[in-house]
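Following: one structure in structure tokens, then a few remarks.
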């Protein structure tokens, strides 16, 4: 190493108080990999590998020598290099508490507040909260908001997490002290009224153990008392990469002179992503965080100087402090900066990322570069010239960025720091950012304006406007800026500015990133927001008249802020005489919640590595449709540690053909590939990194085939459908109904797909056993299918294959059939090599390979009367299946059976087409076609209401099904309480009051509008295929009275095991604590159905009851003889009397199996789950941003087995549906390549996206006679209520359009992204844009 100081190559750090010393650390290894693979601390999870989900969050503690304090930081272990941990203390979820010792209050409160479902995200959320409390023992709700910006949860809907952790905050305490309703656990809704039939207390806060800071683990004294590790220069080398950590500026600059192409790594938030996903190799990495000059902070009268390696959170903290202390006029750049930093990534990223890295990376969508460029920020750079340190000053502004991710700073130079100038009274700096999601998202477009006025006037003296997202670099608009100089800033000038910007900042129709019209509109819209914001300041200062900005327009400058959550959960109280040990109807904590909160819960990839285990890496297709002309794995096999390559050549044609129903798929592509991401082959190697590196060396040559079909419209054009389609369902006399109709209308609607984004990706471990047996541990919702197809691929009988699934980190249907993509190659490799083999897909692989929810297109013609009564509907349903059938036929059928939603239509013809395209095969997803079908139905009901001029609510009521009505598939509705749900929800939500409030708001605001929407739902409960409606159970009672229960369902996070324990506890009359469920395994319960279709509790619960009844029957004589004995005594007596204490249970759902020809009188569904949701939404008409202000839900779920779990399912389903209809957009190239392969581009709802007021009520007094203990299914039915946000948004857009003279209907596809919202709000700014003619260009992305 250059420089005079001797470097060390020994890595030393602490993990959970234990010292770790490594003499040969790998610079390419992340902290997450080190924790999991070397230290076997598997509580920390891999969710995305790009710092976007927070599942890998740990706390890093280090001694700040300058401040003489210990800093505790939540960080993403998936991005943090382990080499950067030298001299640090790492705390993981295992290090703060356990079920075997003592739970930490952070773990306890999350679990007992029902904030953990699948549990895969739970350790990361726990550690984000823990790190917050280590820095602020009593945080504010805003602190919580910030702490969780970098964490995602796909299951809970976030509400219970916030409710549990709210108990730590300042806002939670009130003047009532111990009598406060929030402390004593009684809630504020009168749940303690003994006369009430409802309860509102899901957990008792008063029983939480207090937070005691004195009990926290101490910072290692060795690190606190000595700076030896901080003063050491480091050099760590591997075969490919060398890591340097200099401690002086001289060393750093000498290193940069010796290695000009070396990457400086501070937070590794950009380089880590490049290395992981772009497979960049940087042979030299330099970590400059201990170079004093790069950590310097100094202040002067004119500015604050931050060293280039100072973290964004430290910059944010100091700037906020100065904003509080200094006059407002001096801190406008500071305020602008902290405003932008709030939306810069998540807290875990901001804790380690630095401003210098942001500048030097030069991303065209950087959040900070437009601010710094507009401000003309002064930078200090240094280099070694003739052995001496040479410094110079560089200004950000015109000419600083010289190209994509390039600037004027030379390769051998190092950025030392940035000056933040204080502003003057006549200077204003504002910035705005628009992204797909507000929190933790990259910008679509951002803009910053730095303007100085002539003294005490609104005449522009000088102005700089910078934009991100409009070119390969941050760009200025000098021509438009010059136009504004010496002009008063007013509406007239803004008209000219808007026109000028449209010309100065063009964007090619095929530009990367897509959304061309939207991005161009944002440029003008964001500048208009800046104008409104600055004019407001000028007005406040008395420089311009108070009415210079019309009152209706002032709110256009405002941004959405996350409100403090308000919520209520109401459910039916259990009878006062119900035995204490009877758990049915009680809000029991999820059976695995405490293990999940402590990191003790074991998921598939947490299973300890076995001796001789190999890892499987996949070779994936890089073509959408092509013939494979060459497949050469020789380069991969030449690598040391690579043991085998598998392809279709290793299987017979028959063995290679697989599929859940139709065997039209292949384990490995044979001859042709049909989509991007199809598995072509697999490499077995010693470890994951090597397997993946080797897989990239496999050479595949192709011959392109055509046509490539990606979209539904292309499939229709080419007639590309699966055989036997279209299919039709008919009812009544269509011709007569349309001939007699007073009105007819033809319309269409369309919605995109949705990525499952279970936090745990697909994973499998296969272990060969003796006697030609194979044991699989698999993240699957359908163990029996995996067993069957593994047996098929290996030509083994099924009894030699055992598939086990202990728990899944989420599934949502995505692990029902697609798990075979991973399990089959893993099983084959293990069987052939006779060694254990493992694979867990990376997030980008999982998203590319495993398919999504089906996109749908609907075309309909409807007949109706003048009062809105629908008399007939002719509808065509098209789904995009991808390249193989999978379950698409059944998804289509459910859409066809659900399109009418809650509305009775006497005459129906519904046709369905399964479109075959060159996309990965789409598959089951929560709702299974039902939400798509009901989406069409809600469009129809609103079209009818609009045409006849009646309120939608009135038309809904007019058309509602009533008890006794018959559906278009001949099922009579026996109990249909939709009107009761509606009435309760209208009252709960103050619907009519809110409508009046919305009307008033919309009259008073031009650029912000609100809408409200009511959504009813009717979801049929049963598998569409009759034979799947069955389940089995096995009950084993041991001599000590403990019970081991097995059933055919899989615990995915939905609380199935918890409910089964509750069912067995009531049936046996024993406490839940005596019952344990270990796993789901095909050698315990054979021939299981998938855990899907929301029937898991129904069919498995009845099987459990059957087993319990058999056991009870055997025990009955003993109980009669010993009526005063205990359960343990009865069991002991039974054992000695040689009574079998093992029982099997079985259940087959009765009365179903409808077929229009062979079984027309049977039911299609066992029953229906109904509900109603009402959402109020506000939109920003200038940006397309939106916020859900409130959501109220009333669900009829019969007699709830567990209200806490059921309400959690309702909230989680709503948020998933909300994501489907508003946020989650899959981006494909015109050739079918998926762009959105991780949380960086694919946005599911975050903590800040939940409704500001979120109320859920369970309908009381509505037992269901057709399911276990009078309950109803709850997993899928609430999802469609998320569409209430979509239709509320559409109502708000309509109000915006009316403001500009636009009436009538307008198209709005789902999801209603910010781009679609903004472009639907047509106005004077969007009218400035020229729209290129369709077909004159190739778009960057298309909608499948």
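Cβ coordinates come from backbone N, Cα and C, glycine included.
Residues or ranges marked as domain '2Fe-2S ferredoxin-type' in Swiss-Prot (evidence: sequence analysis): 9-96. Using DSSP to sort the residues of the domain '2Fe-2S ferredoxin-type' (9-96) gives these counts of helix, strand and coil: 15 helix, 31 strand, 42 coil.
What Swiss-Prot records for 48, 53, 56, 78 is [2Fe-2S] cluster 1 binding site, and it gives similarity to another entry as the kind of evidence. A sphere of 10 angstroms centred on the C-beta of residue 48 ([2Fe-2S] cluster 1 binding site) encloses 29 other C-beta atoms.
Taken from Swiss-Prot, the feature [2Fe-2S] cluster 2 binding site applies to 118, 121, 153, 155. Annotation for residue 153 ([2Fe-2S] cluster 2 binding site): same-chain Cβ neighbours under 8 Å, separated by at least 6 residues, are 121, 125, 161, 759.
What Swiss-Prot records for 236-425 is domain 'FAD-binding PCMH-type'.
Cβ contacts within 10 Å of residue 267 (FAD binding site), excluding its own Cβ and spanning all protein chains shown: 27. Here Swiss-Prot flags 264-271, 344, 354-358, 367, 415, 433 as FAD binding site, drawing on similarity to another entry.
In the three-state DSSP reading, residue 926 (Mo-molybdopterin binding site) counts as coil. Here Swiss-Prot flags 781, 812, 926, 1093 as Mo-molybdopterin binding site.
Cβ contacts within 10 Å of residue 928 (substrate binding site), excluding its own Cβ and spanning all protein chains shown: 28. As annotated by Swiss-Prot, substrate binding site applies to 816, 894, 928, with the evidence given as similarity to another entry.
For 1276, the entry in Swiss-Prot reads active site, proton acceptor, with the evidence type similarity to another entry. DSSP assigns residue 1276 (active site, proton acceptor) to coil in the three-state reduction, outside any helix or strand. Just so you know, the Cβ of residue 1276 (active site, proton acceptor) picks up 29 other Cβ atoms within 10 Å once every protein chain is counted.
Proximity note: of the listed binding-site residues (48, 53, 264, 270, 415, 894), none has a CA within 10 Å of the CA of residue 926 (Mo-molybdopterin binding site). The two recorded residues, residue 415 (FAD binding site) and residue 118 ([2Fe-2S] cluster 2 binding site), show a Cα separation of 45 Å. Here the CA atom of residue 816 (substrate binding site) lies 42 Å from the CA atom of residue 354 (FAD binding site).
In space, 155 is the closest of the recorded positions 155, 781, 812, 1276 to residue 53 ([2Fe-2S] cluster 1 binding site), judged by Cα positions. Just so you know, of the binding-site residues 53, 264, the Cβ with the fewest other Cβ atoms around it within 10 Å is the one at 264. Nearest in space to residue 816 (substrate binding site), taking C-alpha to C-alpha distance over the binding-site residues 48, 118, 155, 1093, is 1093.
Comparing the binding-site residues 78, 118, 155, 354, 415 on other C-beta atoms within 10 angstroms of each C-beta gives the minimum for 415. Take the Cα of residue 118 ([2Fe-2S] cluster 2 binding site) and measure to each of the binding-site residues 264, 270, 928, 1093: the nearest one is 1093. In this structure, residue 894 (substrate binding site) is part of a helix by DSSP. Excluding the listed site residues 816, 894, 928, the same chain places 813, 887, 890, 891, 924, 925, 927, 929, 930, 1024, 1092, 1093 with Cβ atoms within 8 Å of the centre of the substrate site Cβ atoms. In three-state terms derived from DSSP, residue 357 (FAD binding site) belongs to a helical segment. Of the residues the record lists as binding substrate, namely 816, 894, 928, the two whose Cα atoms sit farthest apart are 17 Å from each other.
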